[in-house]
Amino acid sequence: MSSDTIRERGASTGVERKFQYRQLLFLAYQSLGFLFGDLSLSPLYVYQSIFSERLKHVQNEDAIFGAFSLIFWTLSSISLLKYALIMLSADDNGEGGVVALYSQLCRSAKFCLLPNHQASDEELSTYYKPGSSNGSIPSSPLKRFIERHKNTKMALLIFVLLGACMAICVGALMPAISVLSSVEGLKIEAKITNKSMVSCISCVLLIGLFVMQHRGSYKVAFVFPPVIILWLLTIFMIGIFNIIKWNPRVYQALSPYYVYKFFRLTGKDGWTNLGGVFLCVTGTEAMFADLGYYRQTPIRVAFHCIIYPCLVLQYMGQAAFLSKNLSAVPISFYASIPDVLFWPVFVLSALAVIVASQAVIASTFSVVQQCHAFECFPRVKAIHSRRWIPGQTYIPEINWILMIISLAVTVGLGDKNRIGYAYGIAYLILVFVTTCLTSLVINLVWHRSPIIALAFGLFFGSIEIIFLSSYCTKILRGGWIPLVLSAVFMVVMYVWHYGSRKKYLFDMHNKVSMRSILGLGPSLGIVRVPGMGLIYTELATGVPASFTHFLTNLPAFYQVVVFVCVKTVPVPCVPHEERYLIGRIGPKSYRLYRCIVRNGYKDVYSHENDFENDLVMSIAEFIQLEAEGSSGNAEGSVDGRMAVVRTSGKFGTRLLMSESSGFEEGNNINLPGALTVTSSKSPTLKRLQAMYEQELPELNTGRRIRFELQNVIYKDARVKEELMELVEAKRTGAAYVIGHSHVKAKWNSSFIKKFAINLYSFLRKNCRSPAVGLNIPQISLIKVGMNYHV
């Protein structure tokens, strides 16, 4: 090897490393604005919450130092040790959160309650982590116990939903306490002592905050990281200033001995106010929950290098100030700011509150979307329009629900200490759920010793239970709010899951037998008209009863019929080339196909035009592979009659595509090397469609793809005929058939079951229709009424 070649390789390696470092630093910079805003706002209210009620008039330096020692060790054990060092490694292919932990457990064992699981799902490239496999590892007793008992699997799901409910509560309570704590700074300089005035200003800011989410906060998202960085540098410098000016000896409080002195001085009152200490780590869960946006290394760099030292020095500075100004405890943060910096810091704190709240609310939307993917939340409209962070979601219904809860808490309680109790309990339960699930992941997914998993759960779980025991004394002082809210959300989420499962089992029991379908012949005993009919069903096998119900009332249907099943696989994302599972129902002459669309719990649905085009290309590939006898080789794997059509080799070359705009059905525009496929539409229908599209110009805004058959020699003339029919059907147009269900409980059902089914039916009637979630165009939608007695 020549020296020139070595130098070139060394130069290219150096360029790659520089690019990696720049990308790492950029992601770390972004994470400061979107992950750590909530955590960086804790200094606004931690000391006030600790020294409230019976500890309000503590006049002792050791108590102040003890409080800081508690804050330091809590921040170090939970934020630094648990999350930054351990939890970030418990990712699900780069994703984090309670749903990600549950997804890993579902894949490692048969814990999942999604009813339409197929063996081919386990062949997805994202199903297992690289280098891991469950085949060679012996099953643990815990795994076998949970798999054998359905009630245990249901209890695990309910436990996960508890964590999700608390995450939603955090999304409503965090803006309330942060905005109220920020606005209370006006009590010092503006001399506003009227609590109602502070609450009124806070409500105005909260309304503006949620309206900003609705109008699109992503438009100003580029300023989020600079705001939080400036905020962190400000509190860092103020902390150092207070240490030097007021009490340099405060570093002694880093010793855990001061924790002992704190409880010796405060006794039982110190234990009852211990929940205030936990507020210093609220916001830490975001590191893990939003892991998918930034990856592990940038988050660790940002936390270790900036967040952790800034927060420790800020808390230390407040302790130094309070040790010499004991009467300033109720307003410790703003009182510790030098007078000349008060207004700049006040404005900066308001901006930081807005930034942090936007990130927490967006995280709540993500949790709701993931629960919906697992059939544990009613259908909502998810809008994916984030340009600064790809993949973020906006859900209008949840946004307004969070705003109403936040305003009600601010007006109803009006006291940041009481809101802090509610916020702390919600966050603490969420953290505890994460700890328990991670213990299961360590044992069942990482295949570590049960002793290691138990040690993790006992160490961190015992710390969290101690804090929870303190919060139990605050339930009547505001701590009941997250318990009531989570109970309401839990009922809704579990009832939706229960009703969806019962509906699926009804469909499975009443699906049409293939023998009756095959007995009708290729025409199915009806008139086959030109076009493509996409029948949406939750069944991954068999023919749904809604199809025969439709034919009974209208004995005519499209020439090409595709049964489409959109289902969720317990993985974060499914690669696009592995998303479609294509198969055939009956003989080739029937022109009946099945398409199973597999999505991960973080995947978003594409536009309807893209789906139609992908579907046609996938069916064409399946027809060719089937004719070539290749559906079982490397280009496609078979699951019964189903095949995974992969984007490799000849995929995408079976049909010729061209992009067109406007209505071109009547134009004979052919691509070079393409066969002419004439439309089956009559001239009258073409004129009617043209007139309709002229009346609705929005129909022409999307891009249109024309398919043409390649002018090649086919070994089997039937393959050419089938492909021509497919292209002709696509050109004629597609109609979407979806069931319009009315679910009722059986007359002999128990009271609890009737209540659950009736509530499920009510939720179905008042939530978004399935067509909205599936992005089905209303102009092409056909609804088939069905009654379900479950």
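Yeah, the Cβs are placed from backbone N, Cα and C, and that goes for glycine too.
TrEMBL lists 24-44 (among others) with the feature transmembrane segment. Long-range contacts of the transmembrane segment (24-44) within the same chain: residues 79, 174, 178, 181-182, 221, 224-229, 231-232, 235, 279-284, 286-287, 290, 293-295, 297-299, 301-303, 305-307, 310-311, 314-315, 318, 333, 349, 352-353, 355-357, 359-360, 362, 389, each at least 6 residues beyond the stretch ends and with a Cβ under 8 Å from a Cβ of the stretch.
As annotated by TrEMBL, domain 'K+ potassium transporter integral membrane' applies to 27-518.
A Cβ distance under 8 Å defines the sequence-distant neighbours of the transmembrane segment (64-85), meaning residues of its chain 6+ beyond its ends; these are 39, 46-47, 50-51, 58, 250, 252-263, 265-266, 270, 274, 277-278, 280-281, 284-285, 287-288, 299-300, 303-304, 308, 311-312, 315-316, 318-319, 322-323, 326, 431, 435, 460, 463. Residues or ranges marked as transmembrane segment in TrEMBL: 64-85 (among others).
The transmembrane segment annotation in TrEMBL covers 154-180 (among others). Remote same-chain residues near the transmembrane segment (154-180) are listed as 38, 41, 44-45, 97-99, 101-102, 105, 111, 113, 146, 198-199, 202, 205-206, 209-210, 282-283, 285, 289, 353, 356-357, 360-361, 363-364, 367-368, 370-371, 376, 398, 401-402, 405-407, 409-410, 416, 419-420, 422-423, 426-427, 429-430, 433-434, 436-437, 481-482, 485-486, 489-490, 493-494, 497 (criterion: CB distance under 8 Å, separation of at least six residues from the stretch ends).
Taken from TrEMBL, the feature transmembrane segment covers 192-211 (among others).
As annotated by TrEMBL, transmembrane segment applies to 223-244 (among others).
Marked as transmembrane segment by TrEMBL: 270-289 (among others). Listed as Cβ neighbours of the transmembrane segment (270-289) (distance under 8 Å, sequence separation of 6 or more from its ends, same chain) are residues 35-42, 45-55, 66-67, 70-71, 74-75, 78-79, 83-84, 87-88, 90, 96-98, 167, 170, 174, 262-263, 299, 303, 311, 315, 356, 359-360, 363, 366-367, 420-421, 423-425, 427-428, 430-431, 434, 466-467, 469-471, 473-474.
Positions annotated as transmembrane segment by TrEMBL: 301-321 (among others).
Positions annotated as transmembrane segment by TrEMBL: 341-362 (among others). Beyond the transmembrane segment (341-362), the same-chain residues lying 6 or more positions past its ends with a Cβ under 8 Å from any Cβ of the stretch are 33-35, 37-38, 40-41, 44, 170-171, 174-175, 178-179, 181-183, 185-186, 188-189, 205, 209-210, 212-213, 217, 221, 224, 227-228, 230-231, 234, 238, 283, 286, 290, 334, 386, 389, 392-394, 399, 402.
Per TrEMBL, transmembrane segment is recorded for 420-444 (among others). Proximity of distant same-chain residues to the transmembrane segment (420-444), defined by a Cβ-Cβ separation under 8 Å and at least 6 residues beyond the stretch ends, is recorded for 45, 49, 78, 82, 86-87, 90, 98, 101-102, 104-105, 108-109, 140, 142-143, 159-160, 162-163, 166-167, 169-170, 173-174, 176-177, 275-276, 278-279, 281-282, 284-285, 288, 409, 413, 450, 452-454, 456-457, 460-461, 464-465, 467-468, 471, 474-475, 477-483, 486.
The feature transmembrane segment is assigned by TrEMBL to 451-471 (among others).
What TrEMBL records for 477-496 (among others) is transmembrane segment.
The domain 'K+ potassium transporter C-terminal' feature in TrEMBL is assigned to 530-789.
Residues 175-176, 179-180, 183-184, 186, 350, 353-354, 357-358, 361, 399-400, 402-403, 406-407, 410-411, 414-415 of the same chain lie 6 or more positions beyond the ends of the transmembrane segment (192-211) yet place their CB under 8 Å from a CB of it. For the transmembrane segment (477-496), same-chain residues at least 6 beyond its ends with a Cβ under 8 Å from one of its own Cβ atoms are 158, 161-162, 164-166, 168-169, 172-173, 371, 375-378, 405, 409, 413, 415, 417-426, 429, 471, 756, 759-760, 763. In the predicted model, the domain 'K+ potassium transporter C-terminal' (530-789) has a mean pLDDT of 76.
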